[in-house]
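**Student:** So TrEMBL lists the following for this protein:
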- 21-43: transmembrane segment (TRANSMEM)
- 55-81: transmembrane segment (TRANSMEM)
- 102-121: transmembrane segment (TRANSMEM)
- 141-162: transmembrane segment (TRANSMEM)
- 169-193: transmembrane segment (TRANSMEM)
- 213-233: transmembrane segment (TRANSMEM)
- 253-284: transmembrane segment (TRANSMEM)
- 304-322: transmembrane segment (TRANSMEM)
- 362-380: transmembrane segment (TRANSMEM)
- 428-450: transmembrane segment (TRANSMEM)
- 462-481: transmembrane segment (TRANSMEM)
- 491-516: region 'Disordered' (REGION)
- 496-516: compositional bias 'Basic and acidic residues' (COMPBIAS)
């Protein structure tokens, strides 16, 4: 841990957190943010109803392979810059000094937008999953927008309270997330296969072949309809582990390794899960069913309502963990951005509580910010869905900027990229991974911009590109209008920790308390 803190100070930041996350807790955190069975459950309807069963299966594995190059490229940068600012901090350090402020500003706001929208959409999805279970058990139950939004806001407040705990409690709880996440997925796979008669299982042609290709878009050609299935696998936060790296032991090793392992594991196990769901799905015309969730309907049809509801509890619990870890990661981003004076708060949210050693102000600011998009659903579901849909595009854009800058300014005298322990090198492997993930991300951002149905109306319009570009434009206007006067890129706070090279008295007392 002393080595970790020395490395952090070399990057310009005073250690402010306790390093309580072990290797297991860090890997569990990375798996939890990706969700696996809950992520599949909340996004399954889109590929199934747009491109058909084959789109579900093939788009998942195709997207997973491409996301493996993205995850590897992100891990490489996180290993070199293990700070809670994550790729926001790295972006500014990977370009010449005259561009650092504006690059850091844009990437910071994109990353925060993507994470806040991601928390809101995940929590909203969890609310719908819980109410879908109630609807399945009580068919006469009527779900209203007020119920969904109320449950959504309540769940976010619970996550805010849990994230307010000291780091050691967060690390201890996080260790168990991975076992529930993976365990629930494997149990559902086994039970579905055991309870589905062989005669009711679909053929290989339906699961993998042309029999399973269906154009449900109402206007797009079959190719676009098929590719809309990519939306399910791209909907995750790959750099979340980077944002807790100041709380991780041996961060330069553990944080990138956790990203690498989680991307591989989620991709392969998720593919098996999708195959089994399609294999046991029954007639396509019966889905998504009265509950509105195709996965829950498939489980109820095959294993019976009581067993489906029992296992659905663990799927919902997995989604609960996604929101928990996402809120923790986003609050650290808000903290880091405020610490660098990127927010108009005079560094108010860039403070760590003395009692819990966590950024309580940033945690509750993130909680409140994440509630706001959900409240829009009461006035305009279209507006709320527009913000939710910006998650993947905003996050992916913030990911590829530092990857691109690392290659563009590799030999610039003002850019000193020192590879961490996780390094793919400057040979063919490293270049292939970086170039592939950049091209792939640009491609899927185009897919993200397409509406799922034609003809386009104000109600089914995909506003993700409008919101993402709007944030970039507004952030630039804000930057040149006045933010450039107080924000100059990532700012070292090490000098504030000492006077004349000696620790201040309050730092001495804190150090003595820690030793005691």
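Glycine is treated like the rest: Cβ placed from N, Cα and C.
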**Student:** Any contact between the transmembrane segment (21-43) and the transmembrane segment (141-162)? By contact I mean 3+ C-beta pairs closer than 8 Å, pairs at least 6 apart along the chain.
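**Tutor:** No, these stretches are not in contact.
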**Student:** Do we see three or more Cβ pairs under 8 Å linking the transmembrane segment (213-233) and the transmembrane segment (362-380), pairs being at least 6 apart in sequence?
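**Tutor:** By the criterion, they do not touch.
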**Student:** Have the transmembrane segment (55-81) and the transmembrane segment (304-322) got at least three CB pairs under 8 Å, pairs 6 or more apart in sequence?
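**Tutor:** Since fewer than 3 Cβ pairs under 8 Å link them, the transmembrane segment (55-81) and the transmembrane segment (304-322) do not come into contact.
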**Student:** Are there residues at least 6 beyond the ends of the transmembrane segment (428-450) whose Cβ is under 8 Å from a Cβ of it, and what are they?
**Tutor:** 63, 66, 69-70, 72-73, 76, 220, 224, 227-228, 230-231, 234, 389, 392-393, 396-397, 399-400, 403-404, 406-407, 462, 464-465
**Student:** So, do the transmembrane segment (102-121) and the transmembrane segment (362-380) meet, by the test of 3 or more Cβ pairs under 8 Å (sequence gap 6 or more)?
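**Tutor:** By the criterion, they touch.
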**Student:** What parts of the chain pack near the transmembrane segment (462-481), using Cβ distances under 8 Å and only residues at least 6 beyond its ends?
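**Tutor:** Same-chain contacts beyond the flanks: 101-102, 105-106, 109-110, 113, 382, 386-387, 389-390, 392-394, 397, 445, 448-452, 487.
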